[in-house]
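Database features, via TrEMBL:
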- A:17-40: transmembrane segment (TRANSMEM)
- A:47-67: transmembrane segment (TRANSMEM)
- A:73-93: transmembrane segment (TRANSMEM)
- A:105-124: transmembrane segment (TRANSMEM)
- A:150-170: transmembrane segment (TRANSMEM)
- A:191-212: transmembrane segment (TRANSMEM)
- A:232-260: transmembrane segment (TRANSMEM)
- A:267-288: transmembrane segment (TRANSMEM)
Amino acid sequence: MGIPLEQLLQAIPFEQLLIQTVNGIVTGMILALVASGLTLIFGIMDVVNFAHGELFMLGAYVGVITLAATGNFWVALVVATLTIALLGAAIHVTTLRPLLGRDPLTTILATFGISLVLQNYALWQFGPVARKIQEPFTGHFTLFYLDYPWYRLVIALLSAAIIGALWLFLKFGTYGIWIRATTQDRVMAQAMGIPVPSVLTVVFAIGAGMAAASGVLFGPLVGVNHAMGLDWVLKAFIVVVVGGMGNLGGSIAASIFIGLMESYASLWVSPAQAVIFSFVVLILTLLFRPTGLFVPTPK
Amino acid sequence: MSARRVVVYWTAFSVILALLIVAPLVLPEFWRRFLTEILIWGLLAMSSDILIGYAGMVSFGHSAFFGLGMYGAAAALLLVKPPDLWLAILYGLIAAAGVAAFVAYFATRLRDIYFAITTLIFSQIFYVIIFTWTEVTGGENGLTFGRPALAIPGLFSVPFTSETLHWFVLAVVTASYLALRRITQSPFGMVLQSIRENEARTRAIGYPIERYKIAAVMLSGLFAGLAGVLYAIQNRFAAPDFVFFLISGEVVIFNVIGGIGTLVGPIVGAAFFLLLREGFSRFFTEYYLIPVGLIFIAMVIFMPQGLLGFMRRWLNQ
């Protein structure tokens, strides 16, 4: 304490600040991909999906296996997304559909049970040693005298593309319109002939697939292990609350905000402690804007 | 409530209490320890039942209260020489109460799912602080300390044996049960239950429900902290793992398995869970959570009332 702010800023070179900005946006976009699946499932189905981090983790593992078998990263990305989307549909049909119409809190309990099972299954199947996904390409480009890997930028763009595609699908696709109709009024949608239970299953599958895709994309940056989902689901929950539950745009803004803040914070403190900054943001949000930072003030 | 049912209730209570008192004399060492542990986890689950079962607020952050109780006891046992049992309890309760006040102030602004997520994230805040503040908390390794003597100042002081430790824990848990039972039947407890049933109407009648909720979270946190102190005394260590939110999740599992809103249900749930874990870990080694998780999911779907749910009215009379 007692260090003046200018001195603190001078201690950080400009290049490092820039690198952290780009890093923050990249992490933020991955986080946005995880959180938009979570907020989609919550906003449409009233299900708080505790198993979301485990779907992220299993997606990364399926990616590791497919990559080892085929040697192609993009094939691994697609296979992982589809596999986990199917798994998501299966989970929804077997455990969440019987809970339709019950208190949303029971879905927290059920998905918590699912997360325990999946996490221990991964530990059992793949062991405690972290696996690595090889990046599809390793090129660098120069960013103010510093090398920066292209791959990181590609992740951010891909995440943005997937989220954009989801938005277009929800806005203009026939099935997207079904999904939005189900959100607005489940009973009325059913009366209009929309197969509501199937729509909910598809939504859960889409959310699960998005989690898996982000798992594979993020795999090359960190090791893949059975506990990697825990960190992410917590961060995604923070994002979803800060951005406003069920609000896609808010989640993206909040993800980038949290990503940037944590990467700036890690200039001064260790990454483990940088998490505390997001916690503080969450507390402040709850105090002053309990409906979320990025939604219009309720009237 | 008929007089006969009261007699039946207290007879059953006395019989079970008597069995638990005699148990350590006949059980082998392993199961004696196991039973004591069930009682401690049961106390933690019971404290959470005040929120889940009576006030209708699902807390996913009870590990914070439990863990801070442990670290509070650790502080007393490490800093004060000679280690004193009552001081450990006092420090543990103060630490848990401080955390509970903090969590209660913020989290009670939110309802339902938001409350659950917020309490979860609060417990993670304390986990990160404890995990990274190595100089004070010992970081990942935690703290180890000696067990204090069972003493009443001015009367006697004897070292704990596994029997006396069991009886001490049993006494604390029984007293907590009776206190919590009394509280849930008091006007305060009735208001909590009416918040669970219809918050808007309770507010309209004129009850300051925010204050009631804060009091409920603090009460719950105090008893959870007490469980943490007992666990620290039994195992002679405090570790950040016990602040991690998986512990909170297990507490919720105890409640759902045993039956919420019954107070004894969570203890039964803890016993059932720990027995399942013990049984399955013989076959599945450390992957016991796979079958336990599947059983839990099945119970959420098919048996939402829990094991003792059918006795809920009778237990609350």
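Positions of Cβ are set from backbone N, Cα and C atoms, glycine also.
Remember, it's a predicted structure, so these values are computed and weren't measured experimentally.
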Tertiary contacts of the transmembrane segment (A:17-40) (same chain, 6+ residues out, Cβ under 8 Å): 49, 52, 56, 143-144, 146, 148, 152-153, 155-156, 159-160, 162-163, 166, 203, 206-211, 213-214, 217-218, 232-233, 235-237, 239-240, 243, 245-248, 251-252, 254-264, 266-267
Most Cβ pairs under 8 Å with the transmembrane segment (A:232-260), selected from A:47-67, A:105-124, A:150-170, A:267-288: A:267-288
Contact yes or no, the transmembrane segment (A:47-67) and the transmembrane segment (A:105-124), 3+ Cβ pairs under 8 Å, gap 6+: yes
Dominant neighbour of the transmembrane segment (A:191-212) in A:73-93, A:105-124, A:267-288, by Cβ pairs under 8 Å: A:73-93
